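Single-structure report; data block below.
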Amino acid sequence: MSDSPAAPSRTKASGVKAALASVSPVPGAPKPDAIFVGDSITRSFGGLAAVDVSHLEVQRGSITALIGPNGAGKTTFFNVITGFDPPNTGTWSFEGSSLAGTPAYKVAREGMIRTFQLTKVLNKLTVLENMRLGAQGQSGESLFRALIPAIWRKQEDEITERALGMLEQFNLFHVKDEFAGSLSGGQRKLLEMARAMMSNPSMLMLDEPMAGVNPALTQSLLEHIKELRETGITIFFVEHDMDMVRDISDWVIVMAQGSIIAEGPPADVMRNPAVIDAYLGAHHDVALTESGESLTDTSVSLTKSEES
Amino acid sequence: MDWLTVFQNSLTQMIGVSAIIYCLAALGLNIQFGYTGLLNFGQAGFAAIGAYAIAVTVATLGWPLWLALLFGILGAIIFALLLGIPTLRLRADYLAIVTIAAAEIIRQVARSVSLNDYLGGSDGISGKYAADWYALNPLPVGIDTALIRFSRNDLWVVINGWTLVAIIVLLTWLLVRSPWGRVLKSIREDEDAVRSLGKNVYLYKMQALTLGGVIGAFAGVIFAVAAQSVQPDNYSTTLTFFAYAVLILGGAARVFGPVVGSMIFWFLLVFVGQALNNAVKAGYISSSILRPDQVGQVQFMLVGLGLMALMIFRPQGIFGDKKELALDER
């Protein structure tokens, strides 16, 4: 799958694939060079355990997909590890430093930058201003230094230049002076991703980057994500679009009912019976009629014998 | 009917002390609400702190005015911190509830009988506590023309008041076009997005609340100095809501919005009142329809209608951008 003809030459990609080849495809598998390590992370809402992850590692430089049926806890897991939602228990570290209990803005400063399922662009700011906001360490963002433009003018010019280059890459240059609120849904996804890139993240966390994006734009988004990885960034994303997952990810982690039920390279994971059951229900291929027994084929009887 | 006097009074009030006070209160709200999206419904409380800080320290303790002014600023900062620490981590509406209540608490404390000796109860504090400052007035006389008329002291207040407004407008202008201002505007749009980009949203909201509150305290300082007295009931919620009317009239998140909004608001208010009064006195309006003592109420009804019409036909305010407003409806 990874050798599709449209793909550019991918040196980083092949390196990651080689490193992951030796990893055993079991839930919570240790990775040779993990950028993110999480342990016993739980988050419950009332009696419902939304997240219950015992161990998870993300390989540095990889494109790792987090998939699972609706309500599996993927977004909640993202919220917890980025500091947007407090966990009930758990520790996790990023690039070796512990991030549990760290507020969201400090998580972002550590280099873990996320986007949101429901795109959060800043409507009444122009596209360019949205981009500028993403840059880190701006001296003009302090109240007193802001009063003296001479202090921050030079840095602002550098940021603007970088933002314009980034907008060009993401095909948004022509709308740079429009209000972000006037962009289409797909353009907003692109803007949010480009804005996150302004922060120079070491891990980019995308929550359903393809949701609501038209198929024509999907292809260019996919290319962007692949190019981002070539710059050395780790990409960790939640997605429902299986074609995308199959196309770009090096490693897939499957969540269901809050915990990780499977891990592995995309092709293997999608054949995993536990994953198929999670998505379609354990009895998905049993006919709903009373006479179902007569229609059973070998695979169903296999599943049944496993359960009993 | 004396149209000339009506116009003279209206134009005088348009640039008069009231316009300055409400302009300052609205300038503070502009930073809080206009740029940062913080619903501060307690601007009257900040103004009261500024006013009482001057009155109490100068009249009762005999401090010099400049020290009293610093004390007022410090008071506003502490008030902002007290309001902000528990509420700024919560959703926007909690700040609105807490601020409106806190401003009322300040007013009720100021008029309480048990503090009568210090704060003067419902009568407030009167005295010549700005006498030293009025003594600095280099103007020989006031101004008395066909269009505007100010006494010598009022003219001194007005000149200094508008100078203060100009300084604050300049500071606001510098701040909102800086990266700091960009963070504020972004928080107004979506604070989670700002947090996800590594900005300490809580700190910025606190800065905006404090800065806007200090500007609101200046409104109270001007009020106290101009009137040479403070009365607790001048700092009721009406002050806050008039300031919001001024802000929205001029256009929120526009540097000059509060200035122009305040001028228009006071011109309209005084013009409608004076015109009605004169019309009733001259017999143009029969007293069976409107008695002189009812003019005050009808004046506010008409101004209210005018503001409603403005919101319907120009919802973005005088300076606002309709395109920007339309984004909310998407």
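Residue 1 is the first one shown; counting continues down the chain.
Positions of Cβ are set from backbone N, Cα and C atoms, glycine also.
All TrEMBL annotations are machine predictions without curation.
For B:12-31, B:38-59, B:65-85, B:155-176, B:208-227, B:239-257, B:296-313, the entry in TrEMBL reads transmembrane segment.
Counting only same-chain residues 6+ beyond the ends of the transmembrane segment (B:155-176), those with a CB under 8 A from a CB of the stretch are 15-17, 20-21, 23-24, 27, 30-31, 35, 134, 137, 139, 142-143, 184-185, 215, 218, 222, 225-226, 253, 255-256, 259.
Under 8 Å from some Cβ of the transmembrane segment (B:208-227) lie the Cβ atoms of residues 17, 20-22, 24-25, 27-32, 35-36, 38, 40, 43, 46-55, 65, 69, 72-73, 75-77, 79-81, 83-84, 88, 95, 129-130, 133, 154, 157, 161, 164, 168, 184, 234-235, 243, all in the same chain and six or more residues away from its ends.
If you count C-beta pairs under 8 angstroms between the transmembrane segment (B:296-313) and each of B:12-31, B:38-59, B:239-257, the highest count goes to B:239-257.
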